[in-house]
Amino acid sequence: MANNGSGSSLGPGGLDLTNTFFKPILNSDPPIPSNRCTKVSVIGVGNVGMAIAQTILTQDIADEIALVDSKPEKLRGEMLDLQHAAAFLPRTRITASVDYAVTAGSDLCIVTAGARQNPGESRLNLLQRNVALFRHIIPPLAKSSPDAILLIVSNPVDVLTYVAWKLSGFPVNRVLGSGTNLDSSRFRFLIADHIDVNAQDVQAFIVGEHGDSSVALWSSISVGGIPVLSFLEKQQIAYEKQTLEDIHQTVVGSAYEVISLKGYTSWAIGYSVANLAYTILRDQRKIHPVTVLARGFYGVEGGDAFLSLPALLGRNGVVAVTNVHMTDEESEKLQKSAKTILEMQSQLGL
């Protein structure tokens, strides 16, 4: 991986750690230098789409935001509602249309549109309906903004990121999903709350499927730079594995709890996706657990499985995948999660 201008070695002529910590994405486009205005398009103006747009707007991430939806009256209403707040916000141009031409020249296209599951409907049938929807969304986005990065938020996010990759024809580094970025945030919060520290001092990842087969990487958790489990073992402090599993299950069930209480999730995913947008558009080269093509990483083989791994993100999308430590048990669980996703992908006929 090319050095981006700052030193990546320890001392003069020292060890180059960049290639040690990360594996480069194969067949990637070279970085695109850009000093023009930044444009973000949000496809779908439901609760999630508007939470994302509003957070991006208030955080001054984009110079222009384009909104697209199939419901023209709601779309215009949401656009006007944001425009009327112009006096209180950073100067950002806000446009909206049912025509995907409004997204032309986007740097980042965020897709939140998706069908909701009907009572008694199978997961596969729901997935097939979303694939049909994506056939109407992804090709015009790719045509209007051939150099954009596609960020998929619609669920099931892992499989739909695979669908977007297939339908767009984009290189794999420019198609990613929001994945377990929010799950990992919830994970960090619960650990921080458990030991009474700031969540920003907790380094912890949930990987794999954004769903029931996700994997909590307990072995690599650190607080203030201290590896938690190895520290407890060295101090001979006993802990129960069930306690760890209970925290993971709380993470998995967090979205269901919010949905049961208020009917939907919006603000947390809005902040999560806006955080991803900031990292990408500002070339922050931060590590996020997001949905990427996992084939060849951590023993995942057998097909083009898309699932969440800790990935280095920048202006070119997915720069590399982090070589984070996993135990044999965690690696096996990740590979099992990949098989779950591959089974769903195999039924799509793409």
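Placed from the backbone N, Cα and C atoms, the Cβ positions cover glycine too.
Taken from TrEMBL, the feature active site, proton acceptor applies to HIS210. The NAD(+) binding site annotation in TrEMBL covers GLY44, VAL45, GLY46, ASN47, VAL48, GLY49, ASP69, ASN130, VAL153, SER154, ASN155. The feature domain 'Lactate/malate dehydrogenase N-terminal' is assigned by TrEMBL to 38-177. As annotated by TrEMBL, domain 'Lactate/malate dehydrogenase C-terminal' applies to 180-343.
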Span of the NAD(+) site, taken as the largest CA to CA distance across GLY44, VAL45, GLY46, ASN47, VAL48, GLY49, ASP69, ASN130, VAL153, SER154, ASN155 (Å, rounded to a whole number): 18
Model confidence over the domain 'Lactate/malate dehydrogenase N-terminal' (38-177) (mean pLDDT, whole number): 93
Around the Cβ of GLY44 (NAD(+) binding site), the count of other Cβ atoms that are within 10 Å: 25
Which listed residue (VAL48, VAL153) has most other Cβ within 10 Å, given these are binding-site residues: VAL153
